[in-house]
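Chemist: Quick one: the structure is below, and I'll ask about it shortly.
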Amino acid sequence: MSDATEAPTHTGRQIPDRLQNPLTRALQSWEALLLVVAVAIFIANSMASPYFLDPWNLSDATFNFTEKAMIAFAMALLIISGEIDLSVGAIIALASTAMGLAMQAGAGTPVLVLVGLATGLLCGAFNGLLVARFGLPSIVVTIGTMSLFRGISYIVLGDSAFTGYPSGFAWFGQGYVFWVITVELVIFTIAAIIFGILLHRTNFGRMVYAIGNNATAARFSGIRVERIKFTLFLLTGLMSGIAAICLTSRLGSTRPSIAAGFELEVVTIVVLGGVSILGGSGSIPGVVIAALVMGLVTFGLGLLNVPGIVMSIIMGLLLIGVIALPRLWSMARRR
Amino acid sequence: MQADTKKPVLSLRGIVKTFPGVRALDGVQLDLYPGQVTALIGENGAGKSTIVKTLTGIYQPDEGQIFVDGAETRFPTAQAAGQAGVTAIHQETVLFDELTVAENIFIGHAPKGRFGLIDRKAMKARAREILNSIDADLDPGVKLADLGIASKHLVAIARALSIDARVVIMDEPTAALSHKEIAELYELVEKLKAQGKAILFISHKFDEIFRIADRWTVFRDGQFVGEGMMDGTTEADLVRLMVGRSVDQIYPKRPAQIGAPVLTVSGYSHPTEFEDITFTLHQGEILGFYGLVGAGRSEVMQALFGITQPSKGATRIGDDVRVLRSTSQAVDAGIVYVPEDRGRQGVVKGLPIFENVTLPSLSQTSRNGFLKLANEFALARDYTQRLDLRAASLDQDVGLLSGGNQQKVVIAKWLATKPRVIILDEPTKGIDIGSKAAVHDFMSELAAEGLAVIMVSSEIPEVLGMADRVIVMREGRIAAEFAGDQMTPENLVRAAVGIEGATA
């Protein structure tokens, strides 16, 4: 990467490519700090509970974050571009409902998967159309579609539920690929790699950052801003569809209240992972670590029999604390 | 009331003010004398607006002293400057449209009646008194929003008088005024002088300066370069001080071989912004677009670049006749645009320099959509060095660069796409003189290499110095076109404002 030693082709003064070693930068990054937090929680958990280090328990614990994190990867790109999608939980509900209807019509596992993916994509396309084509603010649009998508589920299901999914369908949410490695964990890992490459190693990812930092200047640089934003909503819808398949498969049933509140937990993971809520910065490794932190905290507190309400209080405090820390630090330093 | 005109009422000594990447003021001095008009002269980026903000308490100098009547003081807030009797009338006057004339005049120091409430009757009466003293025929009860810009200036001046100002700063006060209004302003300045006010007059227009100023002070690149009395000073003397070299060297225009037409625009129209724009641009040519602010020049250029859609008309690029519907289509067709609003439309602050440069060229530096950083650095290095960019590293956030260097990054970004037509919208507005020369130099070089250049500029010397041909726009239409000997300041200005004496 460093070919700064090459002879200058012009007479201007030589500007070095980089001043800071990438390794130094990585060590000073948010991700590094978050990793330390994750390790600390891991150690604390293993000391607090004798059951924590059991491989099967840890494997179970991954369900706390895998489905949410899948969406969080796509959401991270969306938030970096300066948009947001609050309808992801509702997309899961609608996709799950659609799969339930397909199941009642006698569809097999492959068709159910296709229905789940297609519903996610359609919902994402709807959001994307409203935001990218008509220029509406995404926070308003997706608060609207959040009610819309879940409302359809409620109309279809009312108080009832879809149950009796085919046994092959259970593989996605209950299956193991190898020993304690779940199918969901594999999907999570593959999604992390794909989204990591997409954001950090492709032209597309570079444009996402450019749009998030200054959408006007990005447009003035010949970037098709609307097209990229539309694609990001599509991707978020698709990942919500995949999460819907996993969650429905794991629960073995569909209720209209499925994945309620997912959107906030997904956004929490993304922001905890160091993605600026204002757009323009953040990374996939950060989101991965944040997902692990979320999972570890929830699981550790669960082992200690901490009630769910207290757990959500602790998660909220963790989020605010972690977000406020850098700002407090820089304020203290400026004095 | 007759003040001593020998001793300055306000003096600045050794004022230093730095911003990240720029030394805006570097040890400047300034003296303002009662009953005299001091013209502050300097190019864009010389530090004029910074000194105004220092005088009005908006900026705190890093170093240096401020003396009022010989006693050292400080202006930690705008209020403190106001209490010391310093007031400013800005280019875009900072007044409140929704308040009345009287309220605007007395905001912050309204006469109080019982219980500390504002005494509206007294306020109105005193407002009328002050307005009368400057022969301003305005109703103190009328809302400011209902007044024209010239009347707003009068209100601003009345406000200055109401706080018993001793120093009045006029920052480009004539920029938006008609000839008649300017004449009225001159009379007003004479009245203020007669009242013993010290006036700091900032203007780009030499005729104005010679008309009303008693003294001059010249800044260049944030430094004080000289001061003196207007008597016995010539325009050429001031220009030499302003630019630091003789005039004919400023514009490095090289004779270029003007070739075949590259871009033909025919009948471009927009419902509100412009009408029937038709012109042809040739290879190797620098085509100037001159006009008053708001004449529609930028709007035409942004339509050519695919930002907005024209309602009528077409462009012909080579053999291809079409309307460009998006910026990416324009870039593909070889038309690029360096915007006037650099910070908002030009650079992506938050991204490093090299990523800004390669943004429109990613398909060129990448392989199958995957980034190749080595290629990006190579491309960025190549073009930024050609423009003599001053930066710590290519990995540095572009937002940390000075305006001039940001402009170089924007130009480098577009040159890397190997365009056929480059549109530069006010390319040297607000950038330091060193960068300015580099941009001019480079523009010349590009034209000599066969690129077709459109330069939108409101600075007549720049237009005359750089362009082969000038199109003057007025109110959304092409008013005139000049080339060769016809390119004179008088012709340009006449065409830009319409007939002599018309309201701009």
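Quick reminder: no glycine exception, Cβ is built from N, Cα and C everywhere.
Caution: TrEMBL annotation is automatic and unverified by curators.
A quick note: this is a predicted structure, and the numbers were derived from the prediction, not measured.
Sequence annotations record features per position, and here TrEMBL assigns transmembrane segment to A:32-53, A:73-99, A:111-132, A:139-157, A:177-199, A:230-252, A:258-279, A:286-303, A:309-329.
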Chemist: For the transmembrane segment (A:230-252) and the transmembrane segment (A:139-157), check the count of CB pairs under 8 Å (sequence separation 6 or more) and say whether it reaches 3 or more.
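Modeler: They are not in contact.
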Chemist: Is the transmembrane segment (A:177-199) packed against any residues at least 6 beyond its ends, judged by a Cβ distance under 8 Å, and which are they?
Modeler: 55-56, 58-59, 62-63, 65-67, 69-70, 73-74, 76-77, 80, 171, 205, 208, 239, 242, 246, 250, 283-285, 287-288, 291
Chemist: Can you say which of A:32-53, A:73-99, A:111-132, A:286-303, A:309-329 has the most Cβ pairs under 8 Å with the transmembrane segment (A:258-279)?
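Modeler: Ranking A:32-53, A:73-99, A:111-132, A:286-303, A:309-329 by Cβ pairs under 8 Å to the transmembrane segment (A:258-279) puts A:73-99 first.
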Chemist: Where, among A:32-53, A:139-157, A:286-303, do we find the most CB pairs under 8 A to the transmembrane segment (A:309-329)?
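Modeler: The stretch with the most close Cβ contacts to the transmembrane segment (A:309-329) is A:286-303.
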Chemist: Which residues of the same chain, at least 6 past either end of the transmembrane segment (A:32-53), have a Cβ under 8 Å from a Cβ in it?
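Modeler: Result: 26, 272-274, 286, 289-290, 292-293, 296-297, 299-300, 303-304, 322.
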